[in-house]
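Below: the structure, in structure tokens.
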Amino acid sequence: MANSFLDSLTLVRQNTPLVQCLTNSVVMQFTANVLLAAGATPAMVDTPAESAEFAAVANGVLINAGTPSAEQYQGMTKAIEGARKAGTPWVLDPVAVGGLSERTKYAEGIVDKQPAAIRGNASEVVALAGLGAGGRGVDATDSVEVALEAAQLLAKRTGGVVAVSGAEDLIVSADRVTWLRSGDPMLQLVIGTGCSLGALTAAYLGATVDSDISAHDAVLAAHAHVGAAGQIAAQKASAPGSFAVAFIDALYDVDAQAVASLVDVREA
């Protein structure tokens with residue numbers, strides 16, 4: 001994993017991948033700042049008239065239905081169509097799927113459009129796979145361990161990578177399961193850390209798509225980058241407000257060697 005991470009982080013910072021974020025209004029600014037700090041370029045283009053066209057020139061696309069409107073649903077559908085035609089990797093973040101019927105129906109309708117990755121908490125992933133009812137809004141009520149079967153089903157169904165966020169992250173593809181221990185509990189006290197991880201996942205996939213790095217390792221590296229930055233930020237911050245600032249700084253400052261020393265990766 002270390003070599004893949006070194007290469008992934010280098011490619012993100014060298015290539016400055018352009019990430020189209022169709023995301024929720026609560027986290028839009030934070031997501032943009034996370035991408036910039038990590039070395040990517042954000043673009044919040046989500047209107048139906050422009051989404052498909054932009055997805056064709058972007059390096060990665062994030063679909064996050066956290067605060068959806070009818071117009072944004074249309075924009076998301078168009079962006080997915082544009083991404084698929086252009087071969088642009090797109091990431092699905094199924095926010096609160098299983099807990100709310102309309103977004104659950106929408107997510108179930110697009111999951112077979114071959115997302116390069118799905119990133120969510122355990123309850124969202126379980127619900128998306130049809131194995132449970134979902135959590136409490138953006139909060140998971142299932143453990144990451146419980147989501148393993150659901151993640152494996154979704155990985156086989158989509159051909160992509162499924163990432164389950166929790167105290168220990170789980171990264172699953174058709175023939176591989178990886179556990180990642182990193183981060184800090186303070187990450188849960190700053191809104192947008194999970195949603196921005198979906199955007200960073202799209203950045204890593206976009207930066208490495210033409211390389212020898214697997215999609216699995218690219219998704220793993222994105223999660224390791226965030227986890228290590230969270231640990232560094234927690235050492236410098238005293239409360240959530242200062243943590244948010246320190247987290248952005250750490251995403252910018254951290255190098256691959258530091259990340260490798262801060263995270264624990266286990267192949268199942």
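For all residues, glycine too, the Cβ spot is worked out from N, Cα and C.
Note that the structure is predicted; figures quoted are calculated from it, not measured.
Sequence annotations record features per position, and here Swiss-Prot assigns substrate binding site to MET44, GLY192. Long-range Cβ neighbours of GLY192 (substrate binding site) (same chain, at least 6 residues apart, Cβ-Cβ under 8 Å): VAL26, VAL27, PHE30, THR31, VAL34.
Sequence-distant contacts (6 or more apart, same chain, Cβ under 8 Å) of SER165 (ATP binding site) comprise ARG119, GLY120, ASN121, VAL144, GLY194, LEU197, HIS223. Annotation comment: Swiss-Prot describes ARG119, SER165 as ATP binding site.
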